[in-house]
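Written out below as C-alpha coordinates is the structure these notes cover.
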Amino acid sequence: MSLKVAFLNENARAPTRGSVHAAGYDLYAAEEKTIPANGRGLVDLGLSMSIPEGTYARIAPRSGLAVKNGLSTGAGVIDYDYRGPVKVMLFNHSTEDFNVTIGDRVAQMILERIVTPEVQVVQTNDLESTERGAGGFGSTGINDEKKRKLDEAEAKE
(Lines of atoms letter the chains of each structure in order from A and count residues from 1; the text may use other names and numbers.)
(Lines give C-alpha, C1' and ligand atoms only; values in the text may rest on other atoms or scores of the structure.)
Protein backbone atom coordinates (compact mmCIF):
# COMPACT_ATOMS: atom_id res chain seq x y z
CA MET A 1 0.00 0.00 0.00
CA SER A 2 1.34 3.44 -0.86
CA LEU A 3 0.27 7.06 -0.68
CA LYS A 4 1.07 8.73 -4.00
CA VAL A 5 1.71 12.49 -3.91
CA ALA A 6 2.03 14.85 -6.90
CA PHE A 7 3.51 18.33 -6.45
CA LEU A 8 1.46 21.10 -8.07
CA ASN A 9 3.92 23.92 -7.38
CA GLU A 10 7.54 24.50 -6.36
CA ASN A 11 6.64 25.11 -2.70
CA ALA A 12 4.99 21.73 -2.13
CA ARG A 13 6.43 19.22 0.34
CA ALA A 14 5.51 15.58 0.78
CA PRO A 15 3.66 14.67 3.99
CA THR A 16 5.98 13.37 6.72
CA ARG A 17 5.60 11.55 10.02
CA GLY A 18 7.22 13.05 13.10
CA SER A 19 8.20 9.63 14.46
CA VAL A 20 8.04 5.99 13.45
CA HIS A 21 4.93 5.49 15.61
CA ALA A 22 3.13 8.73 14.69
CA ALA A 23 -0.43 8.13 13.46
CA GLY A 24 -0.54 11.30 11.41
CA TYR A 25 1.42 12.74 8.52
CA ASP A 26 2.34 16.41 8.89
CA LEU A 27 1.01 18.62 6.09
CA TYR A 28 2.97 21.67 4.93
CA ALA A 29 1.77 25.04 3.66
CA ALA A 30 2.80 25.86 0.09
CA GLU A 31 1.75 29.51 0.36
CA GLU A 32 1.87 32.42 2.73
CA LYS A 33 -1.50 33.25 4.26
CA THR A 34 -2.84 35.28 7.17
CA ILE A 35 -5.62 33.62 9.15
CA PRO A 36 -7.50 36.54 10.70
CA ALA A 37 -8.28 36.69 14.41
CA ASN A 38 -11.54 34.82 15.07
CA GLY A 39 -11.61 33.98 11.37
CA ARG A 40 -10.70 31.28 8.92
CA GLY A 41 -8.59 30.73 5.85
CA LEU A 42 -7.96 28.06 3.23
CA VAL A 43 -4.27 27.11 3.01
CA ASP A 44 -2.99 25.52 -0.20
CA LEU A 45 -0.64 22.57 0.25
CA GLY A 46 0.48 22.63 -3.39
CA LEU A 47 -0.15 18.93 -3.94
CA SER A 48 -2.68 16.30 -4.91
CA MET A 49 -2.80 12.70 -3.71
CA SER A 50 -3.94 9.20 -4.47
CA ILE A 51 -5.32 7.84 -1.19
CA PRO A 52 -5.05 4.03 -0.88
CA GLU A 53 -8.26 2.20 -1.79
CA GLY A 54 -10.35 1.22 1.24
CA THR A 55 -9.18 4.28 3.18
CA TYR A 56 -9.83 7.98 3.42
CA ALA A 57 -7.64 10.74 4.79
CA ARG A 58 -8.88 12.72 7.78
CA ILE A 59 -7.37 16.16 8.23
CA ALA A 60 -6.84 16.91 11.92
CA PRO A 61 -5.34 19.80 13.89
CA ARG A 62 -1.75 19.68 15.07
CA SER A 63 -1.85 19.72 18.86
CA GLY A 64 0.86 22.36 19.18
CA LEU A 65 -0.96 24.82 16.91
CA ALA A 66 -4.20 24.20 18.79
CA VAL A 67 -2.71 24.71 22.26
CA LYS A 68 -0.25 27.52 21.51
CA ASN A 69 -2.14 29.46 18.82
CA GLY A 70 -5.83 28.50 19.05
CA LEU A 71 -5.91 26.97 15.55
CA SER A 72 -8.16 24.10 14.49
CA THR A 73 -9.03 22.50 11.18
CA GLY A 74 -12.33 21.99 9.40
CA ALA A 75 -13.84 20.22 6.39
CA GLY A 76 -11.27 17.50 6.76
CA VAL A 77 -12.03 14.47 4.60
CA ILE A 78 -10.15 13.42 1.47
CA ASP A 79 -11.92 10.58 -0.31
CA TYR A 80 -10.17 7.77 -2.18
CA ASP A 81 -11.44 9.03 -5.55
CA TYR A 82 -10.49 12.73 -5.11
CA ARG A 83 -7.51 13.82 -7.20
CA GLY A 84 -7.68 17.62 -7.00
CA PRO A 85 -5.54 20.11 -5.09
CA VAL A 86 -5.41 19.50 -1.34
CA LYS A 87 -6.09 22.49 0.89
CA VAL A 88 -6.60 22.83 4.62
CA MET A 89 -9.26 25.01 6.25
CA LEU A 90 -7.77 26.64 9.34
CA PHE A 91 -9.91 28.31 12.00
CA ASN A 92 -8.23 30.89 14.22
CA HIS A 93 -9.98 30.98 17.60
CA SER A 94 -7.57 33.55 19.04
CA THR A 95 -7.79 37.34 19.15
CA GLU A 96 -4.63 37.77 17.06
CA ASP A 97 -4.00 37.16 13.36
CA PHE A 98 -1.93 34.04 12.62
CA ASN A 99 0.62 34.21 9.79
CA VAL A 100 1.28 31.01 7.87
CA THR A 101 4.58 30.86 6.00
CA ILE A 102 5.66 28.47 3.28
CA GLY A 103 6.85 25.21 4.82
CA ASP A 104 4.87 25.56 8.06
CA ARG A 105 3.26 22.36 9.31
CA VAL A 106 -0.40 23.43 9.34
CA ALA A 107 -2.29 20.18 9.97
CA GLN A 108 -1.91 16.43 10.09
CA MET A 109 -3.44 13.76 7.91
CA ILE A 110 -4.53 10.42 9.32
CA LEU A 111 -5.42 7.55 6.99
CA GLU A 112 -8.34 5.50 8.24
CA ARG A 113 -10.00 2.37 6.90
CA ILE A 114 -13.64 2.80 5.97
CA VAL A 115 -16.75 0.66 6.00
CA THR A 116 -19.59 1.61 3.66
CA PRO A 117 -22.55 -0.66 4.39
CA GLU A 118 -25.75 -0.59 2.38
CA VAL A 119 -28.35 1.76 3.90
CA GLN A 120 -31.54 -0.03 4.92
CA VAL A 121 -34.57 2.05 5.97
CA VAL A 122 -36.54 0.39 8.80
CA GLN A 123 -39.20 1.31 11.35
CA THR A 124 -38.00 2.68 14.70
CA ASN A 125 -39.08 -0.47 16.54
CA ASP A 126 -36.94 -2.55 14.13
CA LEU A 127 -33.72 -1.01 15.50
CA GLU A 128 -31.86 -3.21 17.96
CA SER A 129 -32.28 -1.91 21.51
CA THR A 130 -29.24 -1.06 23.61
CA GLU A 131 -28.61 -0.20 27.25
CA ARG A 132 -27.86 3.40 26.26
CA GLY A 133 -30.99 3.81 24.17
CA ALA A 134 -31.62 7.41 23.09
CA GLY A 135 -29.29 8.94 25.70
CA GLY A 136 -26.99 11.51 24.11
CA PHE A 137 -25.30 14.85 24.66
CA GLY A 138 -23.30 13.80 27.70
CA SER A 139 -25.70 11.18 29.03
CA THR A 140 -22.91 8.64 29.51
CA GLY A 141 -20.65 11.11 31.30
CA ILE A 142 -22.79 11.80 34.36
CA ASN A 143 -22.74 10.00 37.67
CA ASP A 144 -25.57 7.76 38.88
CA GLU A 145 -27.01 10.34 41.31
CA LYS A 146 -27.29 13.03 38.63
CA LYS A 147 -28.79 10.49 36.24
CA ARG A 148 -31.41 9.49 38.83
CA LYS A 149 -32.38 13.14 39.37
CA LEU A 150 -32.65 13.76 35.63
CA ASP A 151 -34.79 10.65 35.21
CA GLU A 152 -37.08 11.81 38.05
CA ALA A 153 -37.39 15.28 36.51
CA GLU A 154 -38.29 13.82 33.11
CA ALA A 155 -40.88 11.54 34.69
CA LYS A 156 -42.61 14.57 36.27
CA GLU A 157 -42.92 16.36 32.91
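The backbone N, Cα and C atoms fix where each Cβ goes, glycine too.
Here Swiss-Prot flags Ser63, Gly76, Asp79, Tyr82, Lys87, Arg132, Phe137, Gly138 as dUMP binding site. The compositional bias 'Basic and acidic residues' annotation in Swiss-Prot covers 143-157. Taken from Swiss-Prot, the feature region 'Disordered' applies to 125-157.
The structure, with features from Swiss-Prot marked on it.
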{"residue": "Ser63", "record": "dUMP binding site", "DSSP (3 states)": "helix"}
{"residue": "Gly76", "record": "dUMP binding site", "DSSP (3 states)": "coil"}
{"residue": "Tyr82", "record": "dUMP binding site", "DSSP (3 states)": "coil"}
{"residue": "Lys87", "record": "dUMP binding site", "DSSP (3 states)": "strand"}
{"residue": "Arg132", "record": "dUMP binding site", "DSSP (3 states)": "coil"}
{"residue": "Phe137", "record": "dUMP binding site", "DSSP (3 states)": "coil"}
Go through Tyr82, Phe137, the listed binding-site residues, and name the one with the sparsest Cβ surroundings, counting other Cβ atoms within 10 Å.
-> Phe137
Based on Cβ atoms within 10 Å, give me the single least packed residue among the binding-site residues Lys87, Arg132.
-> Arg132
By the 10 Å Cβ-neighbour count, the most surrounded of the binding-site residues Gly76, Asp79 is Gly76
All-chain count of other Cβ atoms within 10 Å of Ser63 (dUMP binding site) | 10
